[in-house]
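**Student:** Let me begin by handing over the structure; questions about it come next.
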């Protein structure tokens, strides 16, 4: 008689996805981040659900309802800080996951990669709307500045911004709809994540060598479940250290001041995980040009499969491409730092140079290095 996990219609799906899944024998810790993202998503949905029970999406009471959650609700403070810092962990795992995909050539699984880009955009939209909800100074002004970027679209820009705002400025209507979208989007993300997994399990996982491992696969459990649990415990430990010891480390002090439309903060900036894109936006003096560069900074991921010129899939044995990859990582860290600095000399020129380098590495240098490496292999 077959085991229940192999014959029950529902348990069978779980079994084929997480237990008996044929997995390459040589995947490293870099393959952990997919499951960590799943855990982050569940954590965010659960903590968000409890926060939504006490939060009110009204401009008059939003700020005080967050204060009420932290002061009066049982363990409200820890739920709120797990949710806020959980978003940061989510993005750390996201960036690592995308970086892993770029390094090991996982972008050649086109369907999985494109769903991943869609997921990235959806998560970014969700995080942005969540940042607006506490209705502090930076929430309000961040929402005003970022949504106002759409006014750069010719002809329909101004009408589009007013339509999103639900009026002539960021106000009650904006906050209410942002809360509604922030609540529903994580469930859409969950559905997209299932599609992402579906496409991945259609092709099987990539591995560090970039060579097919079909003849040599091993079951996911117990070999990789142990590794996943270690990664999970490490991430949860880091998250809880952050939550308990310095919960406001990654936040903005201005958000402890209630939103005031009459008083602009000296330096408006989004959360840290958007700073690299914000720096690219600010590095172009023209408004429409800046918005296009902002969108392209993420959309450029969609054309990476077309820019793959190497005969090898992975960067494991490609030293030139490795140097460029780590230069790209350093460049992104520089952009993140610049995004948090005021718009003045020397930060303006550093931001512009870093933005040019970002696009140059992906569009020009990476394809050239792949071609050079192909030639070197012939020697």
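Every residue, even glycine, has its Cβ placed from backbone N, Cα and C.
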**Student:** Checking feature assignment: transmembrane segment per Swiss-Prot, candidates 178-198, 199-219, 262-282. Which range matches?
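**Tutor:** That would be 178-198, the stretch labelled transmembrane segment in Swiss-Prot.
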**Student:** Have a look at 142-162, 226-246 and point to the one annotated transmembrane segment in Swiss-Prot.
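**Tutor:** Here Swiss-Prot associates transmembrane segment with the stretch 226-246.
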**Student:** Between 12-32, 33-53, which stretch does Swiss-Prot give the note transmembrane segment?
**Tutor:** 33-53
**Student:** Given the transmembrane segment (113-133), which of the listed stretches 33-53, 77-98, 178-198, 320-340 has the most Cβ pairs that are under 8 Å apart from it?
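**Tutor:** That would be 178-198.
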**Student:** If you count every Cβ pair below 8 Å, which range out of 33-53, 178-198, 288-308, 347-367 shares the most with the transmembrane segment (77-98)?
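**Tutor:** Highest pair count goes to 33-53.
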**Student:** What parts of the chain pack near the transmembrane segment (33-53), using Cβ distances under 8 Å and only residues at least 6 beyond its ends?
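**Tutor:** Same-chain contacts beyond the ends: 69, 79-80, 82-83, 86-87, 89-90, 93-94, 96-97, 100, 182-183, 186-187, 189-190, 193, 228, 231-232, 235.
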**Student:** Going by Cα-Cα distance, which of the binding-site residues (83, 182, 201) sits nearest to residue 97 (heme b b566 binding site)?
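**Tutor:** Minimum Cα distance from residue 97 (heme b b566 binding site) across 83, 182, 201 lands on 201.
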**Student:** Please determine which of the binding-site residues listed here (83, 97, 182, 196, 201) has the lowest count of neighbouring CB atoms within 10 Å.
**Tutor:** 201
